[in-house]
Structure formats: structure tokens, C-alpha cells
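Right, one structure below, let's go through it.
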Amino acid sequence: MSARILFVTGTGTEVGKTVTTAAVAAAAVRAGRRVAVLKPGQTGVGPDEPGDVHEVARLVGAPLTTRELMRYPEPLAPDTAARRSGRPYLSPDRAAAAVAELADAHDLVLVEGAGGLLVRYDEEGRTLADQAAAVRELGLPAEVLLVATAGLGTLNTTVLTAEALAARGLPLLGVVIGAWPDSPGLADRCNLADLPKTAGAPLLGALPERAAGAGDFTALAYAALAPELHGGWDAAEFTAVHAPA
Ligand SMILES: Nc1ncnc2c1ncn2[C@@H]1O[C@H](COP(=O)(O)OP(=O)(O)O)[C@@H](O)[C@H]1O
Ligand SMILES: [Mg+2]
């Protein structure tokens, strides 16, 4: 059986990509899957600091493979961070080769991008989308999982991302809300129905906003993710419960 390969992107930065990646990993590990998490380009952390894959490993708290390809200390887009650091850019082919190697020995490979979908990784302007396309050119079934914010503004960035994916022939598996508020407002509630319509893809989860600080992260991940992602969350029920009057 070939591995599932999911590129995790977001409608922006700090939207919960890392927390979502950890939740998807935790639910898959719980389901007995062999999981690998790859961060092709890590920015904003020094040589001895934990990066996103370390945060994922900490949250999952169970055996999984983690890999980081390039690290740049400044918190900038990877191309600019690379140029300023004098370190090499990351090419889509190098990222795809790493994904292919991980896909050989795992059931699920999660690839967390930097920022949103079209953030540049090199001076030619190649992006996470180009990395996913390079994986698909190897004959591997890469799909994209989009992490969105809950509230006002998310529909525009969601449809922009969905259109950019469609233009590149990259399949969007679904949308996960990175941080669902404890006290959702009107826009949050309406967006539960509007996000999947806008994305043209199903809503596959909504992580509670304090997910990363919760006691049993795996139980929380299971409760917040759809069966497609090895969870027990029901999008229709959740949407109905929160539907505004
Ligand atoms: N559901 C959540 N529960 C707890 N903390 C969260 C959640 N979503 C985001 N955060 C916090 O918000 C910040 C950004 O989230 P992160 O997953 O790192 O975003 P991204 O990877 O998209 O930059 C982090 O400090 C993270 O701990
Ligand atoms: Mg992150």
C-alpha cells in the first residue's frame, strides 16, 4: 500500500499548521499508522532551538519520524531568510526526494510548509506548491490539507488558496480550522458552512483553541478530526450544533 502524502499549508502564518500537523499525526499514530513529519524549510529558529517538527513530536508524545531539511535563523520567508543567511535555497526536487524516501517506510507523510501556499523558497520563486507538484511528478499521490482561521477574513484567503491549487492541478483534501474559539462569534459559526463551500473541499476538523495546552493531546486530536484523518469528529453535526439561529 502506498503512503498517503499530505502537504499542510495554511491561509497564513500562525494559523495552526504545526498544531494541526501534530493532531493529524497523533490521530494516525493512534490508528496504528507509521507517521513521518517533514518540515522542508524551517525559518526563525537558531541552531539549538526546537523547530516545528520538534513541537509536533512533543505534542504527539509517541514514536514518529521527524525531518527538517533546511533551517534559517531569521523569521522571514524561506527565500529571503536563505539569501540573508548565505545558506543554500531548498529546491522542490530536494524536498520531493525527501518525501519519497519517507513515503517508502511510512503510511503517512505530513509536510508542513512555511507560511501560506505561495511563499517562496528560492530566488526562482518556487513554493510549497512546486514541492507538491514535484512529488506528484515522481508518481506519488500528494494532496494538500489547508489549515484555516475560523473567523472573519478566512473565506477570501481560503478561496485564493483553493484557486491557486486548482490552477496547479493539486488536489485539496480538505480544510481544518486551526483554532476553534471557546466562544465562537457569528462569523466563526457561519464559516463552518461557508468554508467547505468556498474551498470546494470538505471540512475535516476544528481544533479547539487551547489544543496545544490540553492534557491528552491524542484524545483531543481524535475528537477534533474527521474519519478521513483517523478521527471521530462529525462535520455535519458540529456545523449544525454551531449554526446561528
Ligand atoms: N488549536 C490550538 N491550540 C493551542 N494553541 C494553538 C492552536 N492553534 C494555534 N495555537 C498556537 O498559536 C501559535 C501558532 O500556531 P502554529 O501551529 O505554530 O501555527 P503555524 O504553524 O501555522 O505558524 C502557536 O503558539 C500555537 O501554540
Ligand atoms: Mg508552523
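Glycine is treated like the rest: Cβ placed from N, Cα and C.
In TrEMBL, annotation is done automatically, which means it is predicted and not curated.
According to TrEMBL, the residue from Asp52, Asp182, Asp188, Asp194 that belongs to the ATP site alongside Glu14, Val15, Gly16, Lys17, Thr18, Val19, Glu112, Gly113, Ala114, Gly115 is Asp52.
Cβ environment of Gly115 (ATP binding site): Gly10, Gly12, Thr13, Ala77 lie under 8 Å away, each six or more residues apart in the same chain. Glu14 (ATP binding site) falls outside any helix or strand according to DSSP and counts as coil. The record assigns Glu14, Val15, Gly16, Lys17, Thr18, Val19, Asp52, Glu112, Gly113, Ala114, Gly115 to the ATP site; their largest pairwise CA distance measures 14 Å.
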